[in-house]
Amino acid sequence: MERQQQQQQQLRNLRDFLLVYNRMTELCFQRCVPSLHHRALDAEEEACLHSCAGKLIHSNHRLMAAYVQLMPALVQRRIADYEAASAVPGVAAEQPGVSPSGS
């Protein structure tokens, strides 16, 4: 069971990576390659693509670092909120998208 969950997580990670990669490729190509009249990229297009991809990768790393720093605090806050809600008698812990009446 755990192995299947790991495989599913790996597939999700791969899918997410490919989505980011494809979006980055599309964005940089549209920005840096104005025409398809030549088979090869010229030096200016190559430099533009290198710069564009570098900026996007750097931005992605900074966002991921911020996410990694914030995540423990968010998890602790959610745990505290859940514990506080479950400590109050007669009050069911609210879950996003689920109404307390079960409907």
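Each position is counted from 1, following the chain as shown.
For all residues, glycine too, the Cβ spot is worked out from N, Cα and C.
Annotated disulfide bond per Swiss-Prot: C28-C52 (among others), in sequence order, evidence recorded as similarity to another entry. Neighbour list (C28 (disulfide bond), Cβ cut-off 8 Å, at least 6 residues apart, same chain): C48, L49, C52, A53, L56.
Annotation comment: Swiss-Prot describes 28-52 as motif 'Twin CX3C motif'.
What Swiss-Prot lists as disulfide bond is C32-C48 (among others). Within the same chain, the residues at least 6 positions away from C32 (disulfide bond) whose Cβ sits under 8 Å from its Cβ are E45, C48, L49, C52, listed in sequence order.
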Cβ neighbours of C48 (disulfide bond) where a neighbour is any other Cβ within 10 Å: 18
